[in-house]
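To keep things clear, I will list the structure first and then write my remarks on it.
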Amino acid sequence: MHLSLLKTKIHRATVTHSELNYEGSIAIDDNLLAATGIREFEQVHIWDVTNGARFSTYAIRAEAGSGVVSLNGGAARHVQVGDIIIIAAFASMTEQEADSFKPKLVYVDGKNQITHTNDTIPTQAA
């Protein structure tokens, strides 16, 4: 049996651009792609913390260090510049692989610069 597990996420990125008339995708600062291991053209899930929208698209590369997080094409209808989003990618693996797998979690500031990384999510207090 294969499981679908969180491979990586960029937590609380700020949408910097929204380009309705651009070919669909999400452009992501290349530094963030490198830190997460998200490949260009890989499917990603977008969860808008600001408005609750959830959808999927594919990643394309934006200039390294630019802080760009741009939703393009139809995806631009789901967000506004300034929205806080989570960008996530999943991987399929066997149960045996899942036993030792650790995701790459990347946390950013309001300018989409990396503040820290982790491979675990803190336990939520009750």
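Each Cβ is built from the backbone N, Cα and C atoms, and glycine gets one as well.
Listed in Swiss-Prot:
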ACT_SITE  S25  active site, schiff-base intermediate with substrate
MOD_RES   S25  pyruvic acid (Ser)
BINDING   T57, G73, G74, A75  substrate binding site
ACT_SITE  Y58  active site, proton donor
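Features per Swiss-Prot, on structure.
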| residue | record | Cβ within 10 Å |
| --- | --- | --- |
| S25 | active site, schiff-base intermediate with substrate | 20 |
| T57 | substrate binding site | 20 |
| Y58 | active site, proton donor | 15 |
| G73 | substrate binding site | 15 |
| G74 | substrate binding site | 11 |
| A75 | substrate binding site | 22 |
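Of the recorded residues, A75 (substrate binding site) and Y58 (active site, proton donor) place their C-alpha atoms 10 Å from one another. Compute the center of the Cβ atoms of T57, G73, G74, A75, which mark the site for substrate; besides them, the chain residues with Cβ within 8 Å of that center are G24, S25, I26, F55, L71, N72, A76, R77, H78. Max Cα-Cα distance over the annotated substrate binders (T57, G73, G74, A75) is 10 Å.
Under DSSP, A75 (substrate binding site) is assigned to a helix (H, G or I) in the three-state scheme. A distance of 6 Å separates the Cα atom of T57 (substrate binding site) from that of S25 (active site, schiff-base intermediate with substrate).
Under DSSP, T57 (substrate binding site) is assigned to a strand (E or B) in the three-state scheme. Distance from the CA of the residue listed as 'active site, proton donor' to the CA of G74 (substrate binding site) is 12 Å. The secondary structure of S25 (active site, schiff-base intermediate with substrate), as reduced to three states from DSSP, is extended strand. For the pair the residue listed as 'active site, schiff-base intermediate with substrate' and G73 (substrate binding site), the C-alpha distance works out to 7 angstrom. Rounded to a whole number, the C-alpha distance linking Y58 (active site, proton donor) with G73 (substrate binding site) is 11 angstrom.
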